[in-house]
Amino acid sequence: MSKSRCSVALMSSVVASTKEANATGPKAVELVLVKEQNGVQLTNSTLLSAPRSPAEAQERETWSKKADFLLSVIGFAVDLANVWRFPYLCYKNGGGAFLVPYLFFMVIAGMPLFYMELALGQFNREGAAGVWKICPILKGVGYTVILISLYIGFFYNVIIAWALHYLFSSFTTELPWTHCNHTWNSPRCSDTRAPASSPDPNDTFRTTPAAEYFERGVLHLHESQGIGDLGAPRWQLTACLVLVIALLYFSLWKGVKTSGKVVWVTATMPYVVLLALLLRGVTLPGAVDGIRAYLSVDFHRLCEASVWIDAAIQICFSLGVGLGVLIAFSSYNRFTNNCYRDAIITTSVNSLTSFSSGFVVFSFLGYMAQKHSVPIGDVAKDGPGLIFIIYPEALATLPLSSVWAVVFFVMLLTLGIDSAMGGMESVITGLIDEFQLLHRHRELFTLLIVLATFLLSLFCVTNGGIYVFTLLDHFAAGTSILFGVLMEVIGVAWFYGVWQFSDDIKQMTGQRPSLYWRLCWKFISPCFLLFVVVVSIATFRPPHYGAYIFPEWANALGWAIAASSMSVVPIYAAYKFCSLPGSSREKLAYAITPEKEHERVDRGEVRQFTLRHWLVV
């Protein structure tokens, strides 16, 4: 009787162990016959793990909770552009009619690309460079997106520093951008806004207190003659930048265990503030006119190519694909996580946030237009001008203006910090997964990365720093991102194979992606991205800030920055091809075949050399 109980217990423990092992990946079970007693065969069971690479031998860190991952992805994707970019594009391109091309491109390209990156990172459990063991010759794509994320950090952290400066300045009884009685104000400053169509030529040169506070009080732009005359870093902005860098470091130094806790504040706070601002905004006079202008439907605008181009470019940039962040974040998921559901949830939240923020923005713009008796078009802007000039100007006219200003700039701070965390995590994860020495010293490496970012960001907090900021914003994160995403989807869907990729997803979720997703990855998304890349180059306009036109050498420098990231793809491909042994055909076979299939290449079985590989969907 006791022997039977022992046998049952032993079998239960073996089954439980097997189930636990299967939760993290497939295992083999070795049954060894020990002896035969009274006609009963007794066996000993041993779990055999598949051979693992050195990187896999060390157990990978995972998110403490599923919510940590979702909030991190949402916090990264929902950034400042959701507030300052989408509402303006919607207003400019036919109001509610703009949602037609926006949602169309979201369904055929945005969601598929987002889903692809989450699945790619989760299955391979490595950063942006390491995942390219699926196609070694395209590993340069991973280094490209890491470099782009690093470039973005050079100027994106400066926006957060501006917001921090404004936050500190808001703790006063009278906001410093309310009147023209400060040392930084010029004779052109006027407390009243003149219409853009005013017949008085002197009105053209009038500026508002909010505009002068930003450009003269914060940036000290009047002390610079252009990008060739930067001056020294401003100590106030430098101090704010130091605080931002310190906050980033202590959020990232321990990996997702710490950053996953920070996002519970930084990813949720903006929604609380947006709701408070919406409830205040809709009660203001003129708010209804502003919201009506935001949503007014003009379907005739859909006949204009520029509307569709704006929608396509907005989709590419608003979701954050092509920066390696989604790959890095999902690489810390459990292997069996439902990445399909995550992609649907996060892309939907991103789009709804963009759309709903328009009500907040245009309720205040309608109020400003009515207050100054000017058309809404005169106050509607996008970019930093909206959140650092127009919105502060509106808040300054409200009762308890300092309180509302603190609330608003706390929202900007939290919107920016989790997006910056995502960009830094892309760089850190992408490199420590490639170099084990860095992995063993993550805290020190994180410190080096944020310090390098800080030193190069100092160029953006000088007197002429806004010119450096504009140049980086225009070139570092434009065509190069689109190029990186295009090469990424070609590498996954064509070289690795959409069928094999679907098999990988089935291993994780238990269900193969439907034909719709496979068609998007194979044909629709690459064509969409190729179209956007060509259009972005064909419609290129040199950067400018206000009336300032950048010199030719600055534009050449900008293109060099863009080319420095894109050129990594062909340079690494040439290096990889030349470094492999064998004939040209053998080199190509090893270069485009996943590392786990190299044994089949040794036997002459290269599925990429068959027609079926390229035609199957």
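Including glycine, each Cβ sits where the backbone N, Cα and C put it.
Per TrEMBL, the features are:
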- 69-87: transmembrane segment (TRANSMEM)
- G75, A77, V78, N82, S318, N350, L415, D418, S419: Na(+) binding site (BINDING)
- 99-120: transmembrane segment (TRANSMEM)
- 141-168: transmembrane segment (TRANSMEM)
- C180-C189: disulfide bond (DISULFID)
- 235-252: transmembrane segment (TRANSMEM)
- 264-287: transmembrane segment (TRANSMEM)
- 307-329: transmembrane segment (TRANSMEM)
- 349-369: transmembrane segment (TRANSMEM)
- 389-415: transmembrane segment (TRANSMEM)
- 444-469: transmembrane segment (TRANSMEM)
- 475-499: transmembrane segment (TRANSMEM)
- 519-541: transmembrane segment (TRANSMEM)
- 553-575: transmembrane segment (TRANSMEM)
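Annotated features, which come from TrEMBL, shown on the structure.
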| residue | record | contacts (Cβ under 8 Å, 6+ apart) |
| --- | --- | --- |
| G75 | Na(+) binding site | V263, T266, A267, D418, S419, M421, G422 |
| V78 | Na(+) binding site | A267, P270, V349, N350, T353, L415, S419 |
| C180 | disulfide bond | C189, S190, D191, P209, E212 |
| S318 | Na(+) binding site | A77, A81, N82, R85, F86, G110, N350, S354 |
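Using the rule of three or more Cβ pairs under 8 Å, pairs at least 6 apart in sequence, the transmembrane segment (69-87) is not in contact with the transmembrane segment (444-469). Counting C-beta pairs under 8 angstroms (sequence separation of 6 or more), the transmembrane segment (235-252) reaches the transmembrane segment (444-469) with 3 or more such pairs. The Cβ centroid of G75, A77, V78, N82, S318, N350, L415, D418, S419 marks the Na(+) site; residues of that chain outside this set whose Cβ lies within 8 Å of it are I74, F76, D79, A81, G320, T353, given in sequence order. Among the recorded positions C189, L415, S419, the residue whose Cβ has the fewest other Cβ atoms within 10 Å is C189. Tertiary proximity for the transmembrane segment (349-369) is limited to same-chain residues at least six positions away from its ends with a CB under 8 Å from its CB atoms, namely 74, 77-78, 82-83, 86-88, 90-91, 99, 102-103, 106, 271, 274, 277-278, 281-282, 284-294, 318-319, 375-376, 378-380, 386, 390-391, 393-394. By number of Cβ pairs under 8 Å, the transmembrane segment (475-499) is matched best by 553-575 from the list 99-120, 264-287, 444-469, 553-575. Only residues 6 or more beyond the boundaries of the transmembrane segment (99-120), in the same chain, are considered here, and those with a CB under 8 A from a CB of the stretch are 73, 90, 131, 302, 307-308, 311-312, 314-316, 318-319, 321, 326-327, 330, 339-340, 342-344, 346-347, 351, 355, 485, 488-489, 492, 501, 504-505, 508, 513, 517, 520-521, 524-525, 528-529.
Panel annotation: around the transmembrane segment (444-469), residues 150, 153-155, 157-158, 161, 215, 219-221, 223-227, 229-234, 237-238, 241-242, 245, 248-249, 252-253, 424, 427-428, 431-432, 438, 545, 548, 550, 554 of the same chain, lying at least six beyond its termini, place a Cβ under 8 Å from a Cβ of the stretch.
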